[in-house]
Structures are given as structure tokens and as C-alpha cells.
Amino acid sequence: MSRPPPTGKMPGAPEAVSGDGAGASRQRKLEALIRDPRSPINVESLLDGLNSLVLDLDFPALRKNKNIDNFLNRYEKIVKKIRGLQMKAEDYDVVKVIGRGAFGEVQLVRHKASQKVYAMKLLSKFEMIKRSDSAFFWEERDIMAFANSPWVVQLFCAFQDDKYLYMVMEYMPGGDLVNLMSNYDVPEKWAKFYTAEVVLALDAIHSMGLIHRDVKPDNMLLDKHGHLKLADFGTCMKMDETGMVHCDTAVGTPDYISPEVLKSQGGDGYYGRECDWWSVGVFLFEMLVGDTPFYADSLVGTYSKIMDHKNSLCFPEDAEISKHAKNLICAFLTDREVRLGRNGVEEIKQHPFFKNDQWNWDNIRETAAPVVPELSSDIDSSNFDDIEDDKGDVETFPIPKAFVGNQLPFIGFTYYRENLLLSDSPSCKENDSIQIRKNEESQEIQKKLYTLEEHLSTEIQAKEELEQKCKSVNTRLEKVAKELEEEIALRKNVESALRQLEREKALLQHKNAEYQRKADHEADKKRNLENDVNSLKDQLEDLKKRNQNSQISTEKVNQLQRQLDETNALLRTESDTAARLRKTQAESSKQIQQLESNNRDLQDKNCLLETAKLKLEKDFINLQSVLESERRDRTHGSEIINDLQGRISGLEEDLKNGKILLTKVEMEKRQLQERFTDLEKEKNNMEIDMTYQLKVIQQSLEQEEAEHKATKARLADKNKIYESIEEAKSEAMKEMEKKLLEERTLKQKVENLLLEAEKRCSILDCDLKQSQQKINELLKQKDVLNEDVRNLTLKIEQETQKRCLTQNDLKMQTQQVNTLKMSEKQLKQENNHLMEMKMSLEKQNAELRKERQDADGQMKELQDQLEAEQYFSTLYKTQVRELKEECEEKTKLCKELQQKKQELQDERDSLAAQLEITLTKADSEQLARSIAEEQYSDLEKEKIMKELEIKEMMARHKQELTEKDTTIASLEETNRTLTSDVANLANEKEELNNKLKDAQEQLSRLKDEEISAAAIKAQFEKQLLTERTLKTQAVNKLAEIMNRKEPVKRGNDTDMRRKEKENRKLHMELKSEREKLTQQMIKYQKELNEMQAQIAEESQIRIELQMTLDSKDSDIEQLRSQLQALHIGLDSSSIGSGPGDAEADDGFPESRLEGWLSLPVRNNTKKFGWVKKYVIVSSKKILFYDSEQDKEQSNPYMVLDIDKLFHVRPVTQTDVYRADAKEIPRIFQILYANEGESKKEQEFPVEPVGEKSNCICHKGHEFIPTLYHFPTNCEACMKPLWHMFKPPPALECRRCHIKCHKDHMDKKEEIIAPCKVYYDISSAKNLLLLANSTEEQQKWVSRLVKKIPKKPPAPDPFARSSPRTSMKIQQNQSIRRPSRQLAANKPS
């Protein structure tokens, strides 16, 4: 073979690498790819590739291949060196483990070199390869590495070894939002802040083209300032061009997953970013309520609720959630087609829920967070849960026999935020040279700056020396000015005190006149009443003469005599009480009408009850259900009446508040007008002061500069010529400067005087404007008064017409009253007869109660004997029937009474309506008169106030004149003192004198202007006086029209008075009848409540007795089985063999089983845990005891019918996925019909304030503590239950909505009636039970399965279809905290 010549080029090599432009550009592109951290072939990826190849090939079986062995021999040592130089886990000290998941854990670490604290996430390569889920970490790494967003947790570096992937992240010491929600009750203000931050964080993720898909409080971390950042991006997915995602698996946490993501499980996975907004809605609901909206104990239950979200989403009644918050949650938790945020984040930002005064969407990150974590050090981990050490062995890859490539999926994972590799490239060198040039230029600039600063410092020193000289002169002037100011302040204080006294005097005089006017008015009223009394006396005498012999006349005389006594008593009282009585009369008539309507409703309902009782005599249970429905109706009617009363009182309060607000608004309007004028004055003063100060500063600066230059020039010349006389010259210069300063002060004072004069001119202008405005207001008032006079004349004409109509109405009323009296007497007799009947029935009832007590005594004595107990139960049933018959008789009597009362009430209603019309007309006349009088008094008060204001203006004017005189005198004195000092500066003195003359001329001009202004002021005062006189004339005219009487015939007046008297008499009779009626109603209501309480107590006693019976049955059954066992033992030949077949392996017979089991407290094991019960299973019943002592006393807590059992089975993780994993093998479930359960009434303790559910159970009620700020009454004692500012503690039942004082419960008073609303009892229930071990669980399940009846239990004749046939199982739910389980398909 021929060799190539030595000088020749290699074949295929580039001809000139340095000279070829195309080759250089390709190399630059290649370098750019290697330097780019996002490139798949960057430096770290290439090193990872080499490292992973060596790790995957370095096994004995693979080294047999010669090529692999040569490769390893070549690169094995260098790869080990690379590993030593790269970052590794040993570079960090582990402080604490703060999280653990399926793929690894999160550690709090400190970097050894920099001593900085980080959170380091470890992911096991073996676990990811084993679960075929090694792709999720790429999205998480890329988002945290390249997001550069304040809403995303930052990744500082990522590295790996043969077992783990490591991600060193920003440490968030505030913990997650789960920790925050467990430590605090989150108010709506906080929820608003954190929801806004989550919205912005998700918007940042969406803007990167990704969907998070696992938004939950566990993935929301808080930094040291309390602000939120998102974490855990393992479930993130890239959106396509249309903003959608295709996925065939449901990804996310069950409680927060959206319906469209759930549907993707079946292969229909096509959804967008709106799935994240669903999770935000769930998160907001959880913050405000304390639980997720679709919580269920099983996964199936949770998913079914999410799919049926339209029906299953509901807000608890006891949670305080605003309308805007509810609206936002509903907008998020809806179908994806209409979900809020589908069209962009802007529509979420514009929602009214986020409106507040503290932050906006741009500065929320800069504002203070609601909770800032208190940290003791940089490694404080108090906001994270303590995690136990993982003692299990770490699994690793097995030694392969062929090439597997376990490390290949992780090539390119390594990342450094501050990458120092390839930093010495040519581009870097160019950057360095540019930096050196910049540094040189900056040094030159700094030198120039230094020289300029030195020059500045010398200039400043010279300026400071001059300022010190000025200060010494200013201090003297300030002392004199202070003394003057003190004297002026004293004088002003004395004058203001005098003005205040004058104002108080004028107001007292006005009040005195007002009281005198009211006294005259009262005297007139008294005279009118005396006239009425005299007329009544005359009528009495006439009646005595006409009807001396008849009995009817004597009754009327007595009534008239009573009326006379009442009117004499009324004369002694004040007129104000009469007006109040009329108002209260109108209000009471309205209340009576309402009570009467209530009584009618109650009568109708009583009729319905009677018919229902007659129909349902066959069965006691059916009778109870009808009674319950009637009670519900009755409570509903009483609630409506209470609501109406509350509304009426609320409206009255609103009227009063409206009037108060009107007066306040008028006062504020006046104050604002005064304030506006004051502000205008201040504005003018400020503008003048500012202009003057600017001028003074400019002039002083110019003068100082000129003087400085002149002094410098003089000093230079004199230093050259006169070196020997420097000291003398310097002293002379100082004196000259002093004199100059004194002259400047004089100049400034003159200019100050000018400014003050200008200020006064502007103040006078403002006063002029004010007075003009007042004149305009007075003219407007005059027009308004004229219109009022016209309106009043029209009203008077209308009132005369109304009087004629009322006279006709009164005639008709007198006829109707006579007929009513007759019917009333008959009704009273019938009512007395019925009351006697009722008393006899009550006596019979008491006798029956005694008999029941005797029967109870017999029951206690005969508890040991079964036959006696059965006999007692039959006896009890007969007593119940007898009580029913008595109840029916009572209801018949009540019905007859109520029918008669209703007829009376209809007649009274018509009379009351007519009376109200007449009273309202009289009230309107009195109101019109009182309004006119009040207007007159207000006008007089305004007059006095304006006179006082004019006096104050005059006083101020005088004060200003005196101040001007004093300033002129002081100026003249200073001028005289200064003339002696300014002898050497004659030229400057002449100039100053000229300026002083000009100033004096200006002062004289100002004085002339002031005189002219005073003249104008006097003219305006005259105009004011004329307007006032016109106003008083108009008021007098109005009073004249009001007091004018129209000529009316005397006969009509007497008829009117007579009818008014009769009207009053009838009204008094009505009032007494109504009082009697209300007393009877209260009495009947109390009796009803007592009956209801008695029925409730008796039903509870019956349940308890039945439970004790069941327990006794089980004891008897046990004794019988023992007896049988003994008989069998005696009959058998082998004495030592024992019962044998009769007993099971565990020592109990097949028909009996007992032991300790745990029940969930309030059906929520996560929040309240379990409670132990002693359980006995007999042939017919399952009995639950609180303790073995209760078992001995036959006092069970709960009893279940074995006939009503449907199903018994061990649970799975999906059934109780919130329970502890260790407890699941020991839990089993019983499914039974609700009618087969009998249970003791439990009084749960009131929960603390921190918890959301504070329900108190009592007599079937579910009371919730509350406060009422609007009118409401207690339905137990009928006393007020509200107050505007400090309402008393109250309770409201969330079933029947009855309201009462909390004191009745605390004092254990028996006033509260039992609840009238009960839940449906014919629905299936499930019960979870926890055994002590898995063996016990299996034993209980196997035994109970044998007990289940083969045929379904016969349904109750009056109940609905059994749940066993419908297979609809209602799962009990309660308030709980959702479990925080780490998802199995991603790290925590």
C-alpha cells in the first residue's frame, strides 16, 4: 500500500478551519446548543449520558463483551473523577425530613459551603421504573427551573446518582395551606387574599401553556413573608394549539378533581384549563366552611357527588358566607361550558368578591399577608408535621444479565441555575474587555466628581458662616415677637369667652319663649277638656231625668259616672300623654287584629286535628305523624305572625331613623357650606404666602451672591495693599454685614405688612360672597313659606269635608255597638259553661296521671318476671286509648268555643277599622299644627344665630384694626432706632426711606378700601333686616290662618262631642275584651305546650322501657341457654365433657355473641375518633352498652332489631379511604332499616367557639346559638329576644325554627315545647364498627351474616317501601376535615 505524502492533508478534513466562514458559523451553532440549558445536548446532558452509560454497562455479565470492556477501561476512571467534581448529596447537611411520598421524601438541608438553607427532594429511580411512571418529574423540573415567576417555587439545581434524583429547591418555611387551615378559622377576608394569589399563580402556569390538574391546599406553600407559591408540578400537561388536553386517565386528588377529568377515565378525556378553576372553587369552599363540598367516606361516594354537583352542592346554614363568595363558588363549581375562567382570567379578576381597599391585582405581592409565619431561625420547620424515620430497606436495581438501560431515562436531568462551565469562551472574553473599559471610564468620572465635591464643600462652609451671623440677629427678633403674640392670644381668649356667653344667653331666651308658648297651648287644651266635662255633666243630668225607673238607665248612668271620673283623671295628666295614648291605641288595634287572625288560624288547625284524631284511632304511631304535621303548620303560622310583627316594628324604626337622618343631613349641609367658605379663605391666604416666600427667597439668594462676590473682591484688593491693617478691616466688615442684615429685616417686615393687607382684602371679598349667598337662601325660604301657606289652606278645606263624613259614620257605629252588646252577653254565658266543663276534664286527667304513676310502681316491682312485664305493656296500651278519648272530648269543646269567638271577632274587626279611620284623621290635624309651630321656632332660632354671627364679625373687624395700629406703631419705633445705627450707610438709608414712604401710602389706600368695604357691609345688613321682617310677617300670617276657626253650627259640635264620648266608651270595652282574649290564648297555649312536652316525655319513657325489656329478654335467653346446657350435662354419661355442641369455639352459644366494639363518634372518625361500647347479640336483638355496669343494670345505649338487618360485610379502602390504613382490616359495616333502631336521647355538649358545628340537641330540637339585632320575641316566655347593639344570647332550632332565650336551656327550665319536625324514619342506615383485631372482625361478620333473615323484613303498613328493595342507601355524613393522603402516582 502507498502512504500519503507527509505534507498532504488528511482525507475528509476541512481545508482551513480558521479561515472557512461557514465552518466557523457551524461551530458557533454547535457551541450555542451545548451552552443552552434547555438544549437536549447541553454540557450537563452530555456528562449525564457518559455517566449513565458507564453505570448501565459496569456489570460482570456485560463486561464479557470486548467492546464494552474496552469502553469501560477507557472512560471508567474519568467518569469517577467527574462524579467527584460534580455536586452530590454529601455537599449538604440534612436538618430534618419535612415530607414523604410514594417515590421518595423531601428534606430540609443546609449547603456546607455557602451555609444556605434549601428544601431537597429525593426521587427513587427504582420506584419510578418499577411503576412505569418516570416521565412526570421532567415537567416539574422544567417548570421550576425556567418559570422565573414569583408564584412558582424556584429550582436552584438538580443532580443524580445511581439510586436517586435530587432537586434542590427554595425552602418555604410557612408550610402549606392545610397547616394554616388546621391552625386558624379562616375568615372571608383571608380567603379572598389567598384565592386571589392562587388565581394569579395559576394564570402564570397557564401562560406557560400548561395545565396543573392537581390544585389543592397541599400544593400551596407559604414563604417567610406569608405569600403563596405553587409546588408539585408532576401532573402538569402541555396544552395544544386550541388550549386543550387529551388524556385517557383521571389525574388529581379525589376531593378536588373536576367532572370532565373524571369522565376521561373512560377514554373521553378532552378538557382545558377550566379544570384548574374547578379546584379553586373547591379550595375556596373548604377555606370558608372547613370541609370540601363533595366529601364522602368512600371514593365512590365522592365521585358520584362530583358528577351530580348540581344537586349535591349546598352551603351549611351555620356557615357565615357572603353572597359574592357563594356566587363565585357556584360559578367555579359548574359545568365546564359555562364555568368562570373559561374565557380568560380577566373575568375572574372582575368578580365583585375580590373588591377591597387594601390591595389590587398588581400590588398584592407587595402588601402584607394575613398570616406572617413567626420563625425562630432559618431552619425553623414548626409549620411542617413531624415525620417518622423510614426504617425500611431501600430497594435497588437487580444485577442484570443483559443490557437493560435503567439509567437512560434520566439523562439530561442535571441542572445548575448558575452554570460556570464554558465561561472562558471567546464571547466571554469580549464581554470581559468591555467590562474593563467601562471600569476605566467610571474611575475617571469618579475623579471629576471628587474635585467638584471639594469645590462644593468650600462654598458650603462660606455659606454656613453667613447663616450663623443671620441666626444671632433673628433670635433677638423672635423674643420680641413671642411676647407680642402672648399678649394678643390672651386678648383673643377673653373676647371669645364673651362671645360664647352672649350666644348662650340668646339661646336661653329663645328656649324660654318656646316653653312659654307650649304652656299656653297646654292651657288651651285644658280649657277644652273642662268644657267637655261640663257637657258630659249636662248629658248625665238629662239622662237621669228621662230614665229614672228603668234598669238600663242605671247602667248607663254608672257608665257615664265612670267616664266622668276617667275624664277628670285625664285632665290632671299632661297633653303629651293623651297624644301618646292615641298612637299606642292605633298600634294595639293593629296588634289585636293580628292576634285575632292568629286565633282564627289556630281554631282552623284545631278542627283539622280533631278530624285527624277521629280517623286515626286504630294505631298510635299514625296518630303521632298527623299530630306532627299539624304542629308544623301551627309553628309556621306563628313564625309568619312573628315575622310580620318584626317587619312592622322594623318599618317604624326605619321611619324614625329616616327622620333623624334628614335632620343630620341638613346640619351637615350647613356645616359643609361654612367649611367651604373657610377653605376658600385659607386657599387664598396660602397662595399669597407662597408667592411672597418665593419672591423673598429669590431676592435673598441674589443679594447673598452679589455680596459674596463683592466681599471677595474687596478682601483680595485690601490684602495686597494693606497687609498690616487686616484685623481692623475685618471688624469693620463685620459691622457692615450686621447693618446690612438689619436693613434686610426691615425690608422684609414692610413686605410682610403688604402681604397682610392683601390677605385682608381677599377675606373681605369672601365675606361679601357669603352674605350674598345668605340673601339668596333667604329669598328661597320666603318662596317655600308662601307655597306652604297655600298648601295649608287647601288642607283645611279638605279637613272640613272629612269631618262631615265622620259624623255620618259615627251614627252607623252606635247602632252596630248596641247589637254587639247583646251578642256579647250570650257568648260570656256560654264561655263560663265551657270553662266549667274544662275544669272537670282537667280533674279527670289528674286522676288518670295518678293511676299511671301507680302503674309505674307496679312495673318496677315486677321487672324480674316476664309475665308481669307483658301484662304491664297491655295495661299501658289501654291507658293510652283512654287518654286519646279524653283528648277527643276536649278538642270538641275547644272547637265549639272557637266558632263562637270567631263570630265575635269578625264584628269587632269592622268596628276597629272604623275607629282607626277617625283617629288617624284627628292625628293628622294635630300633626299639621305641631309642624307649623316647630317651623316658627326654627326660624326664630336662625334669627338669633345670625345676629350673633354679625356681632362676631364686628368684633373681628375691630380686632383687625387694633392689630394694624399696633403693627404701624411697632414699625415707627423700629424706624427710629435704626436711623441712629445707619449713619455710615447714608445712600442705602435713603433708598429704604423711599420704600417706607411707598409702603405707608399703600397702607393709607388699604384703610380707605376698608372704610368702603364697611359701607358695603352696612348696606347688606340693612337688606338682611328687611328680609327678616318679611319672613316674620309671613310666619305671623301662617299662624293666623292656622288659628282661624270656621263658622260651624253649634248643634253639630254637641253631636260630635256626644259621639266621641260613646266612641271612647266602646273603645275601653273593646280593650278590656281583648285583654281577656289574650289571657285565654296564653293559657291555652301553655296547656298545649305542656301536653306536647308530656307526650314527648312519655314516648321517651316508652323507648327506654322497651330497651330495658329487650335487655331483660337477652338476659333471660342467656339464663335459659345455661339451664339447657346444665340439663344436657346432667343427662349425658360423660360429666367432664361440658356442653359440647351447644357452645361455639369461642365459648358463647351460636345464638349469642358479646364483646367490646368501637363506634364512630358523630359518624366522623377522622375528626372525633371512636368510642368503645359493650355489644351483645341475642337471637332477636343487638344491644349496645356504654359499660359492663350498664349491662348489669339493663340500661342499653342502643338496640337494633336482627329482623331489620340487611347486610353485614368487612369494609375496603374505598369505603373508608379517610380512615387509618391500620384500622381498615378491623372495621366492618352493618346495614339495617331505621325503624328497627331504638336509641337513647343524647344531650351532646355545646362545641367550643372555634368549631363550626355548634348544635345543641334538646327535646328533638337542634338548637344553634345566635343573636338577633331586629325585633323578635322568645316563643317560650314571649319576652323580647333582640337588641340593636347588645342582644341577649338566643337559640334557634334548625328544624322547626323556634326561637328562645339561651337562659332557658342553661337553667334547665321546662318551658320549651318539643320539636314539631322529625326526620323520615323509614330509610336505611349503615353503621361502622371497629373490632380489637382482624380475627375478632371475621368472627363478628361470620356470626352476624348467619343472623340476617333470609326473607326481607315486612314493611310497616304506614311506612314507605323498605330500602332493602329499593337498594338506595343513605350514607350518614357530618362535618369533618378531609384527609391529606399523598397521591399514589406522584411524589409529595
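FYI, residue positions are counted from 1 along the chain as it appears here.
Glycine residues also receive a Cβ, built from the backbone N, Cα and C atoms like all the rest.
Per Swiss-Prot, the features are as follows:
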ACT_SITE  D214  active site, proton acceptor
BINDING   I98, G99, R100, G101, A102, F103, G104, E105, V106, K121  ATP binding site
COILED    1054-1126  coiled coil
COMPBIAS  512-530  compositional bias 'Basic and acidic residues'
MOD_RES   Y722  phosphotyrosine
REGION    1-24  region 'Disordered'
REGION    363-784  region 'Interaction with PPP1R12A'
REGION    373-420  region 'Interaction with NPM1'
REGION    512-532  region 'Disordered'
REGION    979-1047  region 'RHOA binding'
REGION    1345-1388  region 'Disordered'
ZN_FING   1260-1315  zinc finger
Within 10 Å of each Cβ, count the other Cβ atoms, then let me know which of the binding-site residues I98, A102, V106 comes out lowest.
A102
What count of other C-beta atoms do you get within 10 angstroms of the C-beta of R100 (ATP binding site), across all chains shown?
19
Between all pairs in I98, G99, R100, G101, A102, F103, G104, E105, V106, K121 (listed as ATP binders), what's the biggest Cα distance, rounded to the nearest Å?
15
Local confidence of the prediction over the region 'RHOA binding' (979-1047), expressed as mean pLDDT:
66
Tally of residues which DSSP labels helix, strand or coil - the compositional bias 'Basic and acidic residues' (512-530):
19 helix, 0 strand, 0 coil
DSSP helix, strand and coil counts for the zinc finger (1260-1315)?
5 helix, 15 strand, 36 coil
So how many of the residues in the region 'Interaction with NPM1' (373-420) end up helix, strand or coil by DSSP?
3 helix, 2 strand, 43 coil
Taking the Cβ of D214 (active site, proton acceptor) as centre, how many other Cβ atoms lie within 10 Å?
24
Return the count of C-beta atoms lying within 10 angstroms of the C-beta of G104 (ATP binding site), excluding that atom itself.
22
Cα of G104 (ATP binding site) to Cα of the residue listed as 'active site, proton acceptor': how many Å, rounded?
19
Residue pair the residue listed as 'active site, proton acceptor', A102 (ATP binding site) - Cα distance, angstrom, rounded:
16
Under DSSP, is A102 (ATP binding site) part of a helix or a strand, or is it coil?
coil
Using DSSP, would you call D214 (active site, proton acceptor) helix, strand or coil?
coil
